[in-house]
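Colleague: This is the structure I have questions about; it appears just below.
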């Protein structure tokens, strides 16, 4: 128990990341200083003693190493710049006593500001502690923590500590299951004093519960092997099969294999031009062999082949076999006509560019591109053209001077809807006051 309690980060108390010995020597490539111990860097940044063999953990995670290096780098840079300006003031001929006086005043003001900040922080901490704890709880809590550290029976940080959870990515399905479903679905999330909703897994804040739920979903349902994210966990599990399982749907034209059947069907379309899925009598192509066989039967019942079929004996075996190959369409009980399957219906073709479309509606939309020049509305004041009469009238207001001016600022708009959106977005406080 004592060993597991010590194998945590000294600064963020994280035990899942990569831990580094706090007394290891590191060298910052940005600074000119030689290698120094992490404990020395941490002590200079936090102004807390770091000694080997104390009761606190002797490790620090990699992210905290980067953070403390950045802090030490900033402190070192500030000291270097201060020394540089001090040398410049000496070289400029300023009296030495004024230079030292300015430096002393600057240091004195800095010390006073630090003391005032520490005093205010202590007062805030004292007020928070008095609301939640009794006066004697602080001493007893320290004694309890020290006793637990010596015995190795510590399970987590005390309640008085303020933990800032770090952003983590759910790399496996087991880690994704650790996040409760109530946190993303039915649980009512409580906002803080500033009106923001804090993420329970990282330090981000959001203005609404919807944004927070979307963020949690993006954080948890993320693929650990690629940057894809999914709204539902079932879609993530189906996607993980692409990384973990072997493809089961193999193409019988080439050596490719796919995890899903619809992906295989999509791939088979590339073999339509030269594979067995293209009809030998026409240019029709199909995805499955069943569709191709039905299409071939359609060629056998056309009028071109009726002459050869009429010369045969209706009682012969060949005629029976040909009769079996004929497609048996289902008759419509309302008008007595045969209902042809949608895959065998001829696709609509554009008369101008000979393009094929999946539906008549798609063909009509395409025809608008050819007739665009006939339907454009031209402005009577300039050479601009517009698709609709509404856009043309809105444009002509600018020529006639019929504009909408904002009464709060000097902006002018062509459409009254634009003016309303502008007031709502920019002058919302003034509109409410009126």
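The backbone N, Cα and C atoms fix where each Cβ goes, glycine too.
Below are the features I grabbed from Swiss-Prot:
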{"type": "BINDING", "residues": "9, 12, 61, 64", "note": "Zn(2+) binding site"}
{"type": "DOMAIN", "residues": "7-88", "note": "domain 'ZAD'"}
{"type": "MOD_RES", "residues": "316", "note": "phosphoserine"}
{"type": "MOD_RES", "residues": "319", "note": "phosphoserine"}
{"type": "REGION", "residues": "117-173", "note": "region 'Disordered'"}
{"type": "REGION", "residues": "295-328", "note": "region 'Disordered'"}
Colleague: Here are the binding-site residues: 9, 12, 61, 64. Which has the lowest count of other Cβ atoms within 10 Å?
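Modeller: Across 9, 12, 61, 64, these binding-site residues, the one with fewest Cβ atoms within 10 Å is 12.
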Colleague: On the 0 to 100 scale, where does the mean pLDDT of the domain 'ZAD' (7-88) fall?
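Modeller: Taking every residue in the domain 'ZAD' (7-88) and averaging pLDDT yields 77.
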Colleague: Provide the three-state secondary structure of residue 64 (Zn(2+) binding site) computed with DSSP.
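Modeller: Reduced to three states, the DSSP call for residue 64 (Zn(2+) binding site) is helix.
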Colleague: Provide the three-state secondary structure of residue 9 (Zn(2+) binding site) computed with DSSP.
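Modeller: It is in a strand.
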